[in-house]
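Chemist: Quick one: this structure, given as structure tokens, is what I'll be asking you about.
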Amino acid sequence: MNTWNISVKAKLFATLAMTGIVMILVGAIGLGGTKSSNTDLDGIFSNRFMPTGWVGTIETHERAVLEKAEEVVIRQDAAAVKAALDLLQERQGEVKELLAKLDATDLTAKEREIVEQFRGFGADVLGLVQEAMLAAQSGNFSAAESTLIEKARPAYEKLNNAGDTLLRTQIEVAQQMRTEADASFKKNSTFIIAAIVVGIGLSGLLGWLIIRSIVSTLNTAVSIADRIASGELGNDVRVDSNDELGRLLEALKRMDGKLVEIVGGVRGSADAVGAAARQLSHGNDDLSQRTQEQAAALEETASSMEQMTATVKQNADNARQANQLAVGAREQAEKGGAVVQRAIAAVGEINNSSRKIADIIGVIDEIAFQTNLLALNAAVEAARAGEQGRGFAVVATEVRNLAQRSASAAKEIKGLINDSVDKVKVGSELVDESGKTLSEIMESVKKVTDIVAEIAAASEEQSAGIEQVNNAVSQMDNVTQQNAALVEEASAASKSMEQQSGTLVTQIGYFRRSDGTGITGSGSHAPAEVVRAAAPVARQRPAAVRKAGLGAASKPRAVASSGSPAPLARASGDDSQWSDF
């Protein structure tokens, strides 16, 4: 077992830290060696390789100047002297720049001494060439040729020899630097290999210790898990560390103990479920029989409700027709009332016209009376006139007779008109009484129409309510049929549950204690019997259906069901109590 009291994470971090330190050390050594090698290579390139090129370039420039001067002297071309002097001036500047670069490099004392010789020989060559060109410029080509051949050419040879000597010296120095670099590389390689070996050794040692502690604990955990998987519980688990693996063993120990409790509880529950399933099976058989009887009774009730529904529908149709007839009678009465009103208005107009005619007849009677008076006066005047007024007297007599006849006729007409006015008055009074009577009849017809309409509406509501009751009974019938099917399914399920509980008990028997004894259920999980219903369900009397409440009962209320089954409890009753359910 693992005896370290530090966590596995800390152990792994320590191993990784050790490996990281070794890697950093190896990297630092390698980086230092690489930097040193890079410095040596840069020194060889900057201080050895580049100067050789500069020396060669200087030799090339001075050889070009010398050859140009020799060409001018050989040809004795005065025009080319100026070009040679220009080339000399240009090359002197370039040689000066290259010598300045050469001075700036890191040279050894021997190399610097050779460089000084090289510088002096180069200056001699350029000075002699300039002297020869000045002589040639003055036309003394023989002196120029003598200077070039006897002085300038030997000076260039010395320059060339000095350049070769400098090149060989730099090669020797470079070889020496390479030898030192090889030695430094070997030294660094030795340090790196040693650091790698030490790091691998330490990391391997730490890894081996950690792996041994982890594998030992895991083997113990696997052994415990195998015993639990084989059904052996109550194992003796020893925990010797406080790290993650120790906590794993502690968790396995708790799991083993908890499994003992759970298996015991499940065994007791399985026994209780088996007993309850057997009781439920018997109860479901009784309930199935009573549900079938209830379904038959509901079928008879549904048939009676259908007949009642048909009768109520017929009454509703008759009430609807009576309502239509009452509405028609009401409309006819309203039309009669309108006609009577128009008759009353017409009689009133006739009465007014009769009165106007009576007034006109009175005027005519007055005119006849005045005419009679005028005729009488005319007769008197004619009598006074004697013989001259006889004809006028005859006319006055006729006019008087006509006036008297008009007055008599006017009196008769006035009497008839007065009699007609009296009769029209009596007729108007009778028509008024008829109008009042018709108004009362209209009010009565209106009340009858309203009552018939209320009866029709009540019949419609009653028909709808009975239809809803019929639907509710039909739904109850369907629910009862479904309940019967569910009871049969519940009976089959309870039998299946009884079988499953037996299977569960068999499977739970797979687990045993480490000493070979079986695991039994605790006392709290003893089998319980189902509480039998001791009293029948009280039947409720149907409440009276109110007219105002028929619309509110349009939807049948769902049968209330409890949210969870009642707990099983022990009861001492026998199986006959189920018949009262």
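Note: Cβ is positioned from N, Cα and C throughout, glycine not excepted.
Grabbed the feature section from TrEMBL, which reads as follows:
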type     : residues : note
DOMAIN   : 212-264  : domain 'HAMP'
DOMAIN   : 269-498  : domain 'Methyl-accepting transducer'
DOMAIN   : 428-490  : domain 'T-SNARE coiled-coil homology'
REGION   : 542-581  : region 'Disordered'
TRANSMEM : 12-31    : transmembrane segment
TRANSMEM : 191-211  : transmembrane segment
Chemist: Which residues of the chain, 6 or more past the ends of the transmembrane segment (12-31), have a CB below 8 A from one of its CBs?
Modeler: 188, 191-192, 195-196, 198-200, 202-203, 206-207, 210
Chemist: Give the residue counts of the domain 'T-SNARE coiled-coil homology' (428-490) per reduced DSSP state, in the order helix, strand, coil.
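Modeler: Breakdown, helix to coil: 63 helix, 0 strand, 0 coil.
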Chemist: Pop the mean pLDDT for the domain 'T-SNARE coiled-coil homology' (428-490) in here, whole number is fine.
Modeler: 78
